[in-house]
Amino acid sequence: MGVDVVIVAVVDAVVVIIKLYDKLLWGFSSATGLLDRSYSILQNLDCASHIMKMWLLGLVFCLALGTLHSETSRGKTPPVDPETNMNVSEIISSWGFPSEEHLVETEDGYILCLHRIPHGRKDHSDKGPKPVVFLQHGLLGDSSNWVTNLPNSSLGFILADAGFDVWMGNSRGNTWSRKHKMLSVLQAEYWAFSFDEMAIYDLPASINYILNKTGQKQVYYVSHSQGTTIGFIAFTRLPALAEKIKMFFALAPAAAITFSISPLVKMSRFPDVLLKDLLGDKELLPQNTLLKWLSVQFCDHVVLKELCGNMFFLTCGFNEKNLNMSRVALYMTHTPAGTSVQTVLHWGQIIKSQKFQAFDWGSEDKNYFHYNQTSPPAYNVRDMSVPTAVWSGDKDWLADVIDVNALLTQIPNLVYHKCIEGWEHLDFIWGLDAPWQLYKEVVNFMRKY
């Protein structure tokens, strides 16, 4: 018990220090007027503060492992949530919903897994085709993001019970979409993609498959974070695909990112050469057996749940009261789900150039090979005609309020926007108040349009 008390004290101290760092940093920036979001002394201080946070969390992590070892040796292991050992289909089925898995091959040979909830728990009759919803996760996410809360607070389950045919995508390279017709995940060539390819190849393949399977002509597209980026690119560059979208629901949208204060964004500002040295040239943060084991043992611990939650907040923004702490271990057994290093490089290019454009392959010859022009083409959101509803959060570290407001002016068919007070980046998929702050409105829009 004495060790637990020490861990609690250290966890609390770390959380307080992290928050003090942020308040001190923002207070300093406001007082001096130095917040120019470029490579300045202030930004270096900001980066240093995030590095300090990482070290503090690392310290607590080491202490926590000691606690786990101590309790295991005394036979005091905490009970494990059975859902942490389930895959996405098993989670869906465990709550009484029908579940299907579908494999889709893209034009460039990647094989994607789609998860489907064809109807709700009480609707077993065949009354004709149901309206189709496609849910697309964000950076480092997967289809589990829509079903890892309870049925009354997970968007995937809520939509199924509301009478929709729910399909959930998995971008190339994540836990469920790691196959290719010719390539292996061990080859660097497999990982030569970013959200460009997710938009130009993954999304059309998935939506066309769904429409063919269901006999419908259009789908509702609901996306979070980078999922919105994929939508903006695809519906701008592929007008034929845009016609198949009944309505675009953009949650925490991301396009050109200038004012984000997330450490993930700060890291992506590093030169490409340095990022490749740090991260390699293949995959980034894949889910694996060790990470899953640590998540179960670490985040199911009564003392350490808050620390696991703060690992998410450190990247996306703080809103502790809105996270279901009893589900944190489940979140972390699926997230991060992996992506390519090139995806991070692409975000870095957008941040440094302040242009929403395709990936720069590094030379005029390579760009010409990929784009038939010497520089990467720009994405003009103004060319998108799809009816679009946007939800954002005023405490979101990734999709900053200023960036979102700038994006809103470029969306020609904007039908609705709501900025939710106190929300950070993950509240859109896991927030305790998401069912009435967001999901109810989404369902109402779908019934209206």
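Backbone N, Cα and C atoms are what each Cβ position is placed from, and that goes for glycine too.
What TrEMBL annotates here:
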type: ACT_SITE; residues: S225; note: active site, nucleophile
type: ACT_SITE; residues: D396; note: active site, charge relay system
type: ACT_SITE; residues: H425; note: active site, charge relay system
type: DOMAIN; residues: 131-431; note: domain 'AB hydrolase-1'
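Non-local neighbourhood of the residue listed as 'active site, nucleophile': H137, G138, L139, G141, L251, A252, P253, A254, L398, A399, H425, F428, each in the same chain, at least six residues away, with C-beta under 8 Å from its C-beta. Around the Cβ of D396 (active site, charge relay system), the same chain contributes A252, C316, G317, V404, W423, E424, H425, each under 8 angstroms and 6 or more positions distant in sequence. Mean pLDDT for the domain 'AB hydrolase-1' (131-431) in this predicted model: 93.
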